[in-house]
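Record features (TrEMBL):
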type	residues	note
BINDING	CYS79, CYS83, HIS170	Cu cation binding site
DISULFID	CYS79-CYS83	disulfide bond
DOMAIN	41-213	domain 'Thioredoxin'
Amino acid sequence: MTQRSITGIVAALALIVGIVGAVYIAPPDSSSSKFAYLQSYPEPRSLPDFELQDHNGLAFTREDLTGHWTLVFLGYTYCPDICPTTLAALNAVYPQIEAIDSDNPVKVLFISVDPNRDTTERLAEYIGFFNSAFTAVTGEHTQLFALVRSMGMMYAIAGSTQDPDYLVDHSASVALINPNAQVIGRFKPTLEPGKLAVADTQHILHDIPLVLAE
């Protein structure tokens, strides 16, 4: 086989993998959603088995996502803007979310995708600043990447981790997981000129009661 043939095959495989990955990660068509703002999948998507650690140093697994609804946001404690803005907004509306009459309560989960810097102690201090009822978790990238991808989101370290001020690019959506530990959709960030692209918690407040009533 010639070098040109090998190159062509590799390129074709890369294209196929890219297409499959894009289909899997891309958000569902909002026109097919039953809700005003939640971009829901036609069928709930199962999460893979995983083992992370929460801000109390305890193991956090897929089982910890059962028996309640979960709003999931991913980021990192050194995030300069989107993370603190989103968590503060979730905290502001959380009393209203807690007041929704449902057999299964709604919890908030913050997944740090920066385990290199986000120690247990730092996560505990960070999440406690916003709301002591929220849970923060992190773990090895092998665990994190598969979980994040299964929720239709992504993250990537921007630059060298040797630089103490490196940034992490990550999705700004808020995913919604049902009591069976299945992701049912996402609240995408709103895009407005001159403003941060963050999820609108008023959109979440609008749709959550409808989701829980189903």
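Each Cβ is built from the backbone N, Cα and C atoms, and glycine gets one as well.
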Message: Test of understanding: give the count of other CB atoms lying within 10 angstroms of the CB of HIS170 (Cu cation binding site).
response: 24
Field: HIS170 (Cu cation binding site) in three-state DSSP notation
entry: strand
